[in-house]
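Chemist: Sharing a structure here in C-alpha cells format.
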Amino acid sequence: MWNQFFLLEEYTGSDYQYVGKLHSDQDKGDGSLKYILSGDGAGDLFIINENTGDIQATKRLDREEKPVYILRAQAINRKTGKPVEPESEFIIKIHDINDNEPMFTKDVYNASVPEMSDVGTFVVQVTATDADDPTYGNSAKVVYSILQGQPYFSVESETGIIKTALLNMDRENREQYQVVIQAKDMGGQMGGLSGTTTVNITLTDVNDNPPRFPQSTYQFKTPESALPDSPIGKIKANDADVGENAKIEYSITEGDGSDIFGIITDKDTQEGIITVKKALDFEKKRLYTLKVEATNTHVEPRFLYLGPFKDSATVRILVEDVDEPPVFSRPAYIIEVKEDAQINSVIGTVSAQDPDGAKNPVKYSVDRHTDMDRVFNINSGNGSIFTSKPLDRETVLWHNITIIAAEINNPKQSSRVPVFIKVLDVNDNAPEFAMFYETFVCENAKAEQLIQTLSAVDKDDSFGGHQFSFSLAPEAASSSNFTLQDNRDNTAGIFTRKNRYSRHEMGMYLLPVVISDNDYPIQSSTETVTIRVCACDHRGKMLSCNAEALIHPTGLSTGALIAILLCIIILLVTVVLFAALRRQRKKEPLIISKEDIRDNIVSYNDEGGGEEDTQAFDIGTLRNPEAIEDNKLRRDIVPETLFMPRRTAAVRDNTDVRDFINQRLKENDIDPTAPPYDSLATYAYEGNGSVAESLSSLESVTTDGDQDYDYLSDWGPRFKKLADMYGAVDSDKDS
C-alpha cells in the first residue's frame, strides 16, 4: 500500500536521485512483467526501471517551481502487453530547504511624518515575503530589524511597522532621514537568509516657529506729493516654517500715522508694503511713527506654549518737502453781481497761498479759454475780480470762468479754481408788446366797441410777477378816435370812441400806447397799434379796406413795399447806365505823345459796325492777303505825311482762305453743342504771308540787291533813324 514519495529539492549529487520502488504481487522475478510510468515528468524528470520498478529523478528539482508531481504506474505482461493489475496513481512531494531569502515588496520606500511628533508615532509599514514553504520548518519565518536610522526610528520585528523613536524632531534642524530595514528568515537565527530595503523619511512642517523681524526699527522717506495708494517701503518678517505655516499678515497696530498710512501683504513674497492712504503735508507734519505687527495666519493650538506667533517692529516715516502749487482758500467760488455793475468795478476776490515754507508770492490770471469775450479781468496781485465789459442778464445769466494762481518764481507751479458768476437782474428793460398789433375797425362800428386786446412782455425777471399799466400817449389821449382801457391783469383793450368811421376821410390810424412796469426804476415804452378802417358786413366781418384788403395780419407793411419798389428802380437804373456806357466807350489813341518816337505796338481792337459797315475793313483782304487798294487808308490814325506804298505785282486770287472760312462756318452751323444765340467764332488763318513781306534783318541780307529803301525817308521823322541806316547801306554799295 503506497500513495506518495518524498524527494529533497536542490539535490547536488552526481548520480540520479533515488525516489522509490514500485513492485507488483504478480511479479515472480522471472522478468515476465514490465513496469510503465506516466504522468508529470515521466520519462523526463522521472524514469523507472521497467524490470525492477526503481524510480529515479534525473534533474535538480525546485520546490518553489513545482512542489508536487502526480504520476501513474502499471505492470503489464511483457509478452502479451496486457496489464496484470489496474493502473495505480501516486505523488512525489518535494521537500523544502531554505534556499530563498526574504524579498521586500519595494526596493525603496518613501514616507513622511510631522515634525515634533511624539515617540512611537507611526511612520510606515514595510513587508517582506519568503518563497520557502512556511509549513515546513522555519525557512519562511521572517523577522525585521533596523540596520540604519537609529536612534530616530525603530521597527517592529514581526510586523515591519516603523515608528518614531526620538522626541521633538525638528524639521528646521534636519528634514530628511534614510532608514535601512533588514528582513531575515529562520526566525532570525544563525544561518538564516536576509534581505534589506531603504526607507526615505521626510519630516513635514508644522507651525512651530513664530515670525520674526530681522530688525526692530525701520525708516523710510517719502515726498509730500506722494499719491494715495502709492508704496513708500517694504518690510519682511522671517518665518522658519514653510507653506501655509509661513504665511504672514501685516497690520498697523498703533502710531500717530495709522490713519495716514496703510500696509498690505504681498502673498507671493510675504512682504509688508507700506502705502499712503491720505495726502501728506510737509508743512503740517514731517515725521510719523508706526508700530507694525506680523502675525501667522495659521496657528496650531498645541504649539501655543512656544509663545505668541507674532512679532512687531517700529517704522519711522520722514516726509520730504517738495515745491507745491498754490492752494486756493476754497475749492470753488460763487459770486453774484448786478447786471448794471459799472465797468472796472470789483465783484469778488479769490485767494491762494503757497503752502511751502518759503511762501513764494502768487500772481493771478484768468484762463481766457473760459472767458473768450474778456468780460472779466483780475488783479494779478490781490486776486480781485472786476468787470471789463457791460453785463446783460438777459443775454448771459451765468459766467463760468477759471482763475489760475501761479508762483511768481516758478510759474510752472500753478493751480486752478472755478469761479461761477451769477448776473443778478435789474429793471433795465421796458415792457413791450407781445406781438405786432395791426387791427381794423369797421366803418359801421358803434361807440365803446372792443376792437383789440393788447398784452405785453418784459425781458426782466420778476420774482413777484410782472405788473404792467397801459395808457394812451399824452399827444393822443385827447384827440384820439379810440380809447384804451387797462384791465389790471397785464392786458388792455382798445375801444371805439365814436359811431361810424369813414375810409375816405381816414383810412388808417396809428395809436401810440405807453406801457409801464411797476419795478424800480420804472421802465416804459411807447408802442404803436395800426388800425385800418375797413368795410364790413352787418355781422362785423371785414370785406375790404381803403388801400388794400387786410388779408393776413402778418402781410407786408407799407414801408416794406416801398423799400422793395426802391430796390427795383435802382436795379433798372444800373442796368440802363451800364448799357449806355458800353455803347459810348471811349477810344484811346494809338500814339499818346507826339514826342515819343520809339517803336510802338499798335493794337487794332476795333470790332467794326457789323456786316453793313463797309468802310471799316475790306473782307477781300482776307481772301487775298497780298492784295491792297491804293485808296484804302487807315482810319484809326491820321499820318503826318502821306506816302504812296510800294506796289507789288498782283497775284492770282488765293481760294484757300475762302475754303477755310466756309469750312469753319459749316462746322459751327451744324454743331449741336453750339449755343442758340449769336456767338463769337474765331476763323484764324495765317495766310501766305504779309503784304509788307518780312522785316527781318536776317532775310534782308539775301534781298538787299532788290530793295529800294528811299521810300523810308517819306514816312516822316519816326522812321528817320531806319531810313538813315538802310540809306547808308545803299550808299556803300554804290560806292
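From the backbone N, Cα and C atoms, a Cβ is placed for every residue, glycine too.
Unlike curated records, TrEMBL annotations are generated automatically.
Note that the coordinates shown come from a computational prediction; the quantities given were computed from them, not determined experimentally.
So TrEMBL says this about it:
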- 24-104: domain 'Cadherin' (DOMAIN)
- 105-213: domain 'Cadherin' (DOMAIN)
- 214-328: domain 'Cadherin' (DOMAIN)
- 329-433: domain 'Cadherin' (DOMAIN)
- 433-543: domain 'Cadherin' (DOMAIN)
- 560-581: transmembrane segment (TRANSMEM)
Chemist: Restricting to the same chain and to residues at least six past its boundaries, which positions have a Cβ under 8 Å from a Cβ of the transmembrane segment (560-581)?
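Modeler: Distant contacts of the transmembrane segment (560-581): none.
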Chemist: Need one number: mean pLDDT over the domain 'Cadherin' (105-213).
Modeler: 90
Chemist: Could you put numbers on the helix, strand and coil content of the domain 'Cadherin' (105-213), residue by residue per DSSP?
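Modeler: Helix (H, G, I), strand (E, B), coil: 3 helix, 47 strand, 59 coil.
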